[in-house]
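The structure under discussion appears below in the form of structure tokens.
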Amino acid sequence: MGGAVVDEGPTGVKAPDGGWGWAVLFGCFVITGFSYAFPKAVSVFFKELIQEFGIGYSDTAWISSILLAMLYGTGPLCSVCVNRFGCRPVMLVGGLFASLGMVAASFCRSIIQVYLTTGVITGLGLALNFQPSLIMLNRYFSKRRPMANGLAAAGSPVFLCALSPLGQLLQDRYGWRGGFLILGGLLLNCCVCAALMRPLVVTAQPGSGPPRPSRRLLDLSVFRDRGFVLYAVAASVMVLGLFVPPVFVVSYAKDLGVPDTKAAFLLTILGFIDIFARPAAGFVAGLGKVRPYSVYLFSFSMFFNGLADLAGSTAGDYGGLVVFCIFFGISYGMVGALQFEVLMAIVGTHKFSSAIGLVLLMEAVAVLVGPPSGGKLLDATHVYMYVFILAGAEVLTSSLILLLGNFFCIRKKPKEPQPEVAAAEEEKLHKPPADSGVDLREVEHFLKAEPEKNGEVVHTPETSV
């Protein structure tokens, strides 16, 4: 579970670890930024939407919730589309959907229409871009894959820092309708990123074996892998509490009497630390002595994040919350950089498209349950400390599930023979005895000349399909 898989892609092409892969990395950086930052960035338009439609804040908050639910919950659908049509066509269609949803939303006359356009259509478009971009990134990088994943993950905080001020500027100058229209045009850049996702093509070589059978559209055999099951369970529990502190930290500061401007600056601190934490975590995970133990590093990052939540629950002033945001940003960045690297190390490239879709589907339920459950607890107790303790306990539990499960269930699997030994034994088994005196050409002629025997078809390399 903790070992790194040598990525030779579904076509058998060795990952180039550079070259055009840097263009793919840039595209993945942009797509990751749009996918994770966009649901948060649209929140700057909520006040105008409340005034326009005469609704409450909880009604507008459903826009971001639906966006995230589509991003996570459509994982299996994305997996099926990628396995059927390939990454680039799916991303091109997704880019059009993402743009179309925001453009259509600018003409909406009710909040329900905004849910359907911005939430469902744009959310589906972002999902059709996010998952294929990660698949392509992990096909292009093998040795440098941890670093590549870390750099791509940095797109989330970078775009969040850029899109939120941009959204505010657009709202002030053009209103929410004009802002949605311009953001819809901006999302067409997803199609540009899709064009960068050039598939790796293998050239047919003489003497090569028969073509590989087509893969399943959704490979459920990943559930037979104990490592994948442990990862999926741990990730789902982690997501229950992972996104709760960023949602409530600003309100927590205001409850302590901190001015609105200083309270909002806490998210800027968190995002700034996150920008540097993700590439740094990817670099560390790619070190030769660390990479085989990437699953333990991922467990540590979750444990660190849970401890930060528990420490943040004791903050009694603005300085304490600043310290919390610094340590939370470090641990949050580590989790973001390592989560898909560890999943790739568990299942390999050939099953990654199905595995990531299934994991995102399981996480979708947790995303919808986590922040609302924190809000319910806050409504019942009116104490932010309990919310942070709950979030920290959930993330700590997930780290222990992954750590103990990997140590006791995965490490004790029987060791497989070394590749060199296995190859030598295979050669010995297939090598004919020295004194057999059998002419191999006669045997080959016999197999070709007698395709049927006793009513049964003998499948030779020439007759097999």
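Glycine residues also receive a Cβ, built from the backbone N, Cα and C atoms like all the rest.
Look at Swiss-Prot and you will find 425-438 tagged as compositional bias 'Basic and acidic residues'.
If you look up Swiss-Prot, you'll see S436 (among others) marked as phosphoserine.
Annotation comment: Swiss-Prot describes T460 as phosphothreonine.
Annotation source Swiss-Prot lists phosphoserine at S464 (among others), citing a large-scale study or a structure entry.
As annotated by Swiss-Prot, region 'Disordered' applies to 419-438.
The region 'Basolateral sorting signal' annotation in Swiss-Prot covers 423-441 (among others), and the record cites experimental evidence as its basis.
Sequence annotations record features per position, and here Swiss-Prot assigns region 'Basolateral sorting signal' to 441-465 (among others).
Among the features that Swiss-Prot reports, topological domain 'Cytoplasmic' is placed at 2-17 (among others), with the record citing sequence analysis.
Averaged over the topological domain 'Extracellular' (39-61), the predicted model reaches a pLDDT of 79. Marked as topological domain 'Extracellular' by Swiss-Prot: 39-61 (among others).
Sorting each residue of the topological domain 'Extracellular' (106-109) by its DSSP state yields 0 helix, 0 strand, 4 coil. Swiss-Prot lists 106-109 (among others) with the feature topological domain 'Extracellular', giving sequence analysis as the kind of evidence.
Same-chain residues lying 6 or more positions outside the topological domain 'Cytoplasmic' (131-149) and placing a CB less than 8 Å from one of its CB atoms are 4, 6-10, 14-18, 20-21, 24-25, 27-28, 31-32, 75, 78-79, 82, 87-88, 90-91, 94, 193, 197, 199-200, 279, 282-286, 291, 294, 337-338, 340-341, 344, 349, 352-353, 356-357, 360. Look at Swiss-Prot and you will find 131-149 (among others) tagged as topological domain 'Cytoplasmic'.
A Cβ distance under 8 Å defines the sequence-distant neighbours of the topological domain 'Extracellular' (171-179), meaning residues of its chain 6+ beyond its ends; these are 44-45, 48-49, 52, 106-107. Residues or ranges marked as topological domain 'Extracellular' in Swiss-Prot: 171-179 (among others).
Per Swiss-Prot, topological domain 'Cytoplasmic' is recorded for 201-227 (among others).
Using a Cβ-Cβ cut-off under 8 Å and counting only residues 6 or more beyond its ends in the same chain, the topological domain 'Extracellular' (249-264) has close neighbours at 270, 312, 315-318, 321, 324-325, 384, 388. Annotated topological domain 'Extracellular' per Swiss-Prot: 249-264 (among others), in sequence order, evidence recorded as sequence analysis.
Per Swiss-Prot, topological domain 'Cytoplasmic' is recorded for 286-294 (among others), and the stated evidence type is sequence analysis.
The topological domain 'Cytoplasmic' annotation in Swiss-Prot covers 339-351 (among others).
In this chain, the transmembrane segment (228-248) lies close to the transmembrane segment (318-338): three or more C-beta pairs between them fall below 8 angstroms, excluding pairs fewer than 6 positions apart.
Between the transmembrane segment (385-405) and the stretches 110-130, 295-315, 318-338, the greatest number of Cβ pairs separated by less than 8 Å involves 295-315. With a cut-off of 8 Å between Cβ atoms, the residues of this chain six or more beyond the topological domain 'Extracellular' (39-61) that come close are 67-68, 71, 110-111, 114, 118, 159-160, 163-164, 166-168, 171, 175-176, 179-180, 183.
When the topological domain 'Extracellular' (249-264) is classified with DSSP, helix, strand and coil residues number 12 helix, 0 strand, 4 coil.
Counting same-chain residues at least six beyond the ends of the topological domain 'Extracellular' (373-384), those with a Cβ under 8 angstroms from any Cβ of the stretch are 240, 244, 247-248, 251-252, 255, 313, 390-391. With pairs at least 6 apart in sequence, the transmembrane segment (150-170) and the transmembrane segment (318-338) have 3 or more Cβ pairs within the 8 Å limit; the two touch.
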